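Colleague: Following this message is one structure expressed as structure tokens.
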């Protein structure tokens, strides 16, 4: 065998090996591509306090491992802090709104609660329990609570304050509902992946306050579905960041921006009109027409009000070919979210069958 033929033989072996390696790489790339397509990215968007974090908690309860006793213990301090934060907000509002306490001793109780550094709260003991119970039962504080649209107050206030006896018992362990109701503003980006029918759903929650939104841009690649949350009950409220701007108008402006982004051209859009329970309560005394004069439906009618709000959002869609899927929700109601997400999952899978190699 000549040197040339030996070299040719070696070369052909090298070429063969190179081809084999390339083929293996190509095969792996195709496999990776197929696997990556079995992961669906769901982006949760909406303004602050629309219920995005509660929705993520529900996914953990419904499709994940839920909350163990140890997990729930971790929320104890946050529940206590939520109670103090709510009462301090109302005490400040009593002054701003010039509402008087009916019972003189509640001025002293208010002072006791006001002096607490909420960040350092990790227990809930006397004299604070009594002070908060007495304040909550004062007609002045109740009037202040009824006027909560005039200042910032957590939606969970009534839920916690009517249950102070249970929450202040020694050895208190938060219930699942207590965990769902805890308010902690989202800063940064929270991802929650869960597995459904061999497909990974990666839900991404980003902070809704204006200061958080500049971080969203990093999440915009390869989004399967936009899940946009609107709080139905915010039609008469103003922003935390700006007390002369209506929260629902802000939500509409954000939704209009999101659905026209080129990034989301191929993403399905699912609109959750959340806090339907709070709307049903609020619509009885706060009239939609006072904030949206174009509303010409009957007063105290939650069904008409929510359909009007839905239409306002759907009408913002400039693309007649793009369907906006919508659901009325109550994010603190596990059974409601279980039912709604089953429908959402079907929508997402139908929308992505071919694209994600699921057929």
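Glycine is no exception: its Cβ is also placed from the backbone N, Cα and C atoms.
Taken from Swiss-Prot, the feature GTP binding site applies to 46-53, 180-183, 274-277, 331, supported by similarity to another entry. What Swiss-Prot lists as Mg(2+) binding site is 53, 186. For 38-359, the entry in Swiss-Prot reads domain 'G-alpha'. As annotated by Swiss-Prot, S-palmitoyl cysteine applies to 9, 10. Here Swiss-Prot flags 178-186 as region 'G2 motif'. Residues annotated as region 'G3 motif' in Swiss-Prot, with sequence analysis given as evidence: 201-210. According to Swiss-Prot, the feature region 'G5 motif' maps to 329-334, an assignment based on sequence analysis.
Describe the structural surroundings of these features, if you would.
Modeller: There are 24 other Cβ atoms within 10 Å of the Cβ belonging to residue 46 (GTP binding site).
In the three-state DSSP scheme, residue 53 (Mg(2+) binding site) falls into the helix class.
For the domain 'G-alpha' (38-359), the predicted model reports an average pLDDT of 92.
Remote same-chain partners of the region 'G5 motif' (329-334), defined as residues 6 or more beyond its termini with a Cβ less than 8 Å from a stretch Cβ, comprise 51, 54-55, 58, 61-62, 176-177, 180-181, 229, 272-277, 340.
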Colleague: Tell me the coarse DSSP state (helix, strand, coil) of residue 277 (GTP binding site).
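Modeller: Note: residue 277 (GTP binding site) is helical by DSSP.
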Colleague: Residue 186 (Mg(2+) binding site): which of the binding-site residues 46, 49, 274, 277 have a C-alpha within 10 angstroms of it?
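Modeller: Those near residue 186 (Mg(2+) binding site) - Cα within 10 Å - are 49, in sequence order.
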Colleague: Validating a neighbour-count step here. Other CB atoms within 10 A of the CB of residue 53 (Mg(2+) binding site): how many?
Modeller: 21
Colleague: Inside 10 Å of the Cβ of residue 49 (GTP binding site), count up the other Cβ atoms and send me the figure.
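Modeller: I count 25 other Cβ atoms within 10 Å of it.
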